[in-house]
Every structure is written in structure tokens, then in C-alpha cells.
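**Student:** Would you mind keeping the following structure in view while I ask a few things?
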Amino acid sequence: MIDKKRELWLDAAKGFAMILVVAGHVYNHNNLITYIYWFHMPAFFLFSGYVSKPVERWSQVGPYLKRRAHSLLIPYITYLGLFTLIRYAEELIQGNISLNWYLEDIEKVIFGGRFITSYYGVFWFVTCLFFTQVLFLIIFLIFKRTKTRLLFIMLLYIVSHIEGSYIGTLSGLEPSLHVWIPWNIDVSMLALVYYSIGYYVKPYVKQIPSVLTALCILLIIGFITIQELNLMDYHLSMKYVSYEHYGLDVVIPLVMTIAYCGIFQLIKSVKILSLFSLINNKSMAIMYMHIGVNKILLQFMDYGNVTYTIVGVTVPLFITIFILEKKDIIRNHFLIILQRRSELRRSKGMRTG
């Protein structure tokens, strides 16, 4: 019974985090977006580590990678192809017939990660998560002692910040685009830290003391106050390798995630938790579709950040529940109709014969 309750708060927390992902992509940016970015993507990696069950033998690696590829990469490739076709159709309608443009764009689409935006805004997370899981698995199998694993993970964290500091010295609107590493594999070095925290602190996150939740909330208020007073200029963008603070890049996301999880553990309403859990169950579709849906609708009407978020969650939810998940039922009904028509024709043929 305790496990079911724990899973419900966790699913609800992940579901609301997906709403924050949608809210983070609104086109009218404000300070709230900055604070969402402080923790929402690290939280997803932490949640993934929390529920992870790494294999213990090398012989299990193949089946494990096959399962992860099936759940992450196949939907990734499917949605990538779908939105690429939509984009190219739009370009052709607008008269773009430049072969060089399409070849250069295909190269970016293949590279993925930070090199693709617009419809693909959150696609980087999927490939980064996949390689984070692979990296954690390799470390878990090579090093048998927890201390050695953590030291190696810390080393990769330092390397990730060396890269982040280097990219910070480059020019351009998005300096990270000068570093050609596909699928945001390099970001996996930072993501690995959040993922590992989720895995190793699982026993302590299952039931967060209310006092700790309150303390973390006070710390968050302190961080935000310092930021608003311009005494600190902290920003975190994992996609574009914008991280240079060795301490804050762990402390702030972790403090905010602890407070976030603690709040959801305090929620007693099963209806509220179930609603956010439903969103979590359809989170992959929401993640892939919310930018594209809003991008298409914004061509016909203009609306604000709140509507953007509501549309980005509800429309993909509707498409998933009432169309994508009904396709097998619709197909079966269609096959039944065809079968009945075929039987009817045969019976008529027998009577006329």
C-alpha cells in the first residue's frame, strides 16, 4: 500500500513537471521561466535515476539496451520523421526548393540535440537520457564499489563544467553550436550526476520529512531573492551547455527538487494526484507534440503564456487518448466491416448461383 502511494506522488510529480516543460517553451519569456529552468530538466533525470534498475551482469546489457532503445529511440525517430515531413511541406509551399538548404537541414536533424529547434525543441532530452542511462550502466558494471563509481561520476561532472566554461568563451547567440557533438551526448556527463543522485538517494526521497521540505522552500526563496536583487546571476540550460557553476549546478536543482517532491508527498487529494499521474502517463506524447501543436495554432491565432501551456498539454492529451490509443479499435472495427461485407457478397453469390 505504501509503495502504491509513493508511486502515485512520484507519477504526479513527473506529470506536473511535464506541465512545467510546456510552460518553459512559451514564446513570451519572463523571470518565471528562468526559475523553471533551474530545476525542471535536472528533476527529470533525477526521476529517471530514481526508478532505474541497472543490470548486474554484462550478459544482460544487450536486452537492456534493446528495451531502452525501443522505449526511447523508436518514438524519437518516429516523431523526428513526422515533424521533418511537416516542416519540409511548409518550406515547399513557401517556395523553398534549394537543395543545399535541405541537405544542410538534414545534417542538423541527424545530429539532433542542440542543433535542432522549433518543432524539435525537447528532442535533445531523449537522446541525452538514453546515453546517460548507457553511461551509468557502463560505470555500474566496470566499478564494483560505490565510492569508486561516485568518484568517476564526479570526474565527469568536472569535465562537463570545463566544457561549459569553454563554450562560455565562444561567440554567437548560441555558442554551444560551435561544438559539434551529436545528440547532446556531452550533456550526459552533467545529466549523469542528477541521474545518479536519483538512484543513490532513493531510500531518502521515498518519504521526505516535512521539516526538510520547509527548509528547502526557505532556501529557494533565498536563492530567488538574491537573484532578483541582482546579487547573483544564475542560469541553467542543459540543452545549450550553459552551466559554469560547480556548486550551484548541484545545490540549486537538488534543493528545488527535494522541495518539489516533498510538496507532492504532502498532497492528500487522490483526485489531484491522479490527474497529474494521467498527464505523466501520456508525457512522451505531450513532450513531443506540444511545441508543434502550438506552432501550428499560433499561425491562425495569438494567445498568451497560460493558453500556450493549456493547449500544449490538453491537445496532445486529447490526440493520444482519443486517436492514437483508439487506432487498434478503429482498425478492428474496419476489418470487421470488411469481413462482413465479404461474407455478404459470398452469400449473395451463392444464392444467385
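Any Cβ shown, glycine's included, is placed from N, Cα and C.
Unlike curated records, TrEMBL annotations are generated automatically.
As listed in TrEMBL for this protein:
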- 7-26: transmembrane segment (TRANSMEM)
- 8-323: domain 'Acyltransferase 3' (DOMAIN)
- 32-51: transmembrane segment (TRANSMEM)
- 72-89: transmembrane segment (TRANSMEM)
- 122-143: transmembrane segment (TRANSMEM)
- 150-168: transmembrane segment (TRANSMEM)
- 180-201: transmembrane segment (TRANSMEM)
- 208-226: transmembrane segment (TRANSMEM)
- 246-267: transmembrane segment (TRANSMEM)
- 279-300: transmembrane segment (TRANSMEM)
- 306-324: transmembrane segment (TRANSMEM)
**Student:** When only pairs 6 or more apart in sequence are counted, do the transmembrane segment (150-168) and the transmembrane segment (208-226) reach 3 or more Cβ pairs under 8 Å?
**Tutor:** no
**Student:** When you scan the chain for residues with a C-beta under 8 Å from the transmembrane segment (72-89), skipping those not six or more beyond its ends, what do you find?
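**Tutor:** Distant Cβ neighbours of the transmembrane segment (72-89) are 102, 109, 112, 118-120, 123, 126-127, 129-130, 284, 288-289, 292.
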**Student:** Same chain, outside the transmembrane segment (246-267) by at least 6, Cβ under 8 Å from its Cβ: which residues?
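**Tutor:** Distal contacts: 9-10, 12-13, 16-17, 38-39, 42-43, 46, 157-158, 161, 190, 193-194, 197, 205, 207-210, 212-213, 216-217, 219-220, 223, 234, 236, 273.
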**Student:** Need a quick answer: max count of Cβ pairs under 8 Å to the transmembrane segment (180-201), which of 7-26, 122-143, 208-226 is it?
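**Tutor:** Against the transmembrane segment (180-201), the leading stretch is 122-143.
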**Student:** Restricting to the domain 'Acyltransferase 3' (8-323), what is the model's mean pLDDT?
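**Tutor:** A mean pLDDT of 95 is what the predicted model shows over the domain 'Acyltransferase 3' (8-323).
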**Student:** Short question: which residues 6 or more past the ends of the transmembrane segment (7-26) have a Cβ under 8 Å from it?
**Tutor:** 32-33, 36-37, 40-41, 43-44, 47, 50-51, 121-122, 260-261, 264-265, 267, 270, 272-281, 283, 286-287, 290-291, 294, 305, 308-309, 312-313
